[in-house]
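Scroll down for the structure; my scribbles are underneath it.
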Amino acid sequence: MNSNALKWGLLIGTLPIFIALNVMFGSITIPFADILSILLGQDSTSLAFETIIWNSRIPRILTAILCGAAISISGLQMQVLFRNPLAGPYILGISSGASLGISLLIMGASFFSITSFVYTSWTLAIASTLGALLVLFIVFVISLKVKDIMTVLIVGIMLGSFTTALIGVMQYFSSADQLKTFIIWTMGSLDAVNYEEISVITLVVTIGILIGVFNIKALNLLLLGEGYAKSMGLNLSKSRLWIILSTGMLAGGITAFCGPIGFIGIVVPHLCRIWFKTANSKVLFPASILMGINFMLLSDFIAHVPNSDIVLPINSVTAILGVPIIFWMVLGQKKISNSI
Amino acid sequence: MKAPVIQLKSALVGYGHREGVCPIMLPINVSVKEGEFICLIGENGKGKSTVLKSISGEIPYLSGEVLINGKLLPSISASELAEQMSLVLTDRIQIGMITVGELVAFGRYPFTNWLAKMTPLDLQIVHDAMDSCGVLNLKDRYYSNLSDGEKQKVAIARALAQQTPLILLDEPLNHLDLINKAEIFSLLKRLCVDFKKTIVISTHQVELALQAADKIWLINGKHQLIETTPEAAIENHLFEEAFISDKVKFDPLTKTFQLKAI
């Protein structure tokens with residue numbers, strides 16, 4: 001019990017540290033005194049500093065927090081629903097659906113000879129949301145008709161492959177500039193999200209997580225297998241729909257504004273399982289939220305290489321940072337496949 | 001008069017197809033009283049699991065009536081059924097990093113609030129269930145690290161924690177050694193006697209069933225499910241009829257199966 005308290009303390013205690021790091025460091029060096037006075041609402045030596053803090057760093061931190069929590073929770077729910085350690089937030093084809101929307105927007109624009117198209121974050125968000133909703137809707141309808149959850153999983157993966165193939169065709173016919181725009185979107189980004197967008201993400205993520213909280217009981221029952229879950233009064237198709245809905249909102253909402261944020265959705269729930277040595281969703285749910293936020297804040301701090309102009313793709317950072325941790329933890333474990 | 005815990009009236013069990021229904025045995029008529037220990041016996045593939053699944057509501061029965069505590073099965077909601085009947089299924093629980101205590105506590109979930117909060121009473125029930133099944137000392141061990149026999153006792157403790165008057169177990173003795181089989185059998189019998197539980201198990205352990213069961217449900221070669229007592233089954237040579245083989249025969253004197261020739 002004591003060691004668990006220590007773990008919770010660590011997860012919560014690192015949050016302000018990582019937030020502070022992200023406020024203090026970035027491409028531009030801002031003196032510490034200025035940062036303090038800006039945060040306290042006083043005058044600083046440069047107006048540019050204020051803009052950087054309030055319009056770049058703070059929104060980025062808020063996005064990282066929302067993103068880390070949302071993606072980790074959708075990954076956790078998918079892993080339990082499909083009883084598969086490789087499942088993640090995008091297993092149902094949400095990211096490929098979103099990618100299809102984006103590639104239709106970017107590359108399809110030229111087909112309709114819309115040459116002077118402006119890619120705002122809103123048009124990108126709407127396109128990816130429509131794409132993700134389309135795929136999710138198909139999965140939804142099928143999960144209503146199909147009893148076997150593995151069939152749903154296969155349908156999700158196949159839809160993903162199908163949309164990826166469509167994207168491939170479009171890419172073949174698109175220009176180098178269009179390709180670059182698309183590829184950069186797939187790398188994910190927490191930048192360029194403004195407060196208006198953050199308020200939309202906050203709403204979607206809050207609802208998604210609230211639904212997730214209501215799913216915790218079902219997630220634990222599903223650990224025993226569907227037969228037992230049903231015998232304990234769980235309405236399988238109903239809880240399946242709520243889990244898919246929550247995942248769709250969380251992963252879809254983030255993907256719309258930040259692109260498909262990979263890796264942490266699969267990895268964070270595993271890190272929590274290994275660290276807390278439990279598969280109990282009552283523990284994993286809050287742990288994944290905290291661990292996901294920490295992971296995302298740290299990755300974003302590294303992505304904006306301090307005191308340089310370099311901004312690394314966030315998806316590359318999460319993977320480069322996460323894989324060694326996973327190796328270190330997994331190789332120390334006997335059976336990772338048995339951990340769910 | 002109290003309604004029977006389980007009652008099947010001309011119930012036809014089997015599987016529905018697009019082309020129509022496919023019953024796998026003749027209509028079943030049985031009635032189970034509170035506190036009875038019933039052993040369902042029959043060769044592989046004769047429909048033991050189908051009978052149990054039809055009673056547990058996992059698959060719909062084709063015609064006739066299946067009543068649980070006097071209520072027609074399809075009209076009982078899943079949550080209502082969870083308060084009347086608990087299951088121990090054949091499929092192994094594949095669960096990692098869940099302790100025995102947590103797993104048994106899952107049995108309380110039908111009675112907890114939306115966050116599955118355990119009251120002191122729930123915790124007491126979980127404790128008692130583990131105690132009755134002799135797994136209290138395993139409380140903090142991971143379920144996945146247990147032996148097959150221990151796992152089965154934990155699965156029964158989980159069902160017991162659900163505090164249902166009726167427990168169905170589908171081949172709970174598979175893969176267990178002799179001692180464990182005997183322990184599980186006497187545990188189940190004790191639950192019937194001490195707690196007035198009604199228990200139905202499917203099993204291949206005819207010898208043990210003859211010693212412990214109040215009633216035998218025997219599926220014979222003519223696709224009939226016969227409700228009988230151990231004594232009547234032996235007297236009327238039902239086992240000889242149900243298990244026809246040139247390799248083995250039932251010996252009524254020793255109440256065991258004997259090899260005909262080696």
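Using N, Cα and C of the backbone, Cβ positions are placed for all residues, glycine too.
Where the annotation comes from TrEMBL, it is an automatic prediction and has not been curated.
Look at TrEMBL and you will find A:12-40, A:61-82, A:88-112, A:124-143, A:149-173, A:194-216, A:241-271, A:283-304, A:310-331 tagged as transmembrane segment.
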So, do the transmembrane segment (A:283-304) and the transmembrane segment (A:88-112) meet, by the test of 3 or more Cβ pairs under 8 Å (sequence gap 6 or more)?
-> no
Relative to the transmembrane segment (A:88-112), which of A:12-40, A:61-82, A:149-173, A:194-216, A:241-271 accounts for the most Cβ pairs at distances under 8 Å?
-> A:149-173
Among A:61-82, A:149-173, A:241-271, stretch most in contact with the transmembrane segment (A:194-216) (C-beta, under 8 angstroms) = A:241-271
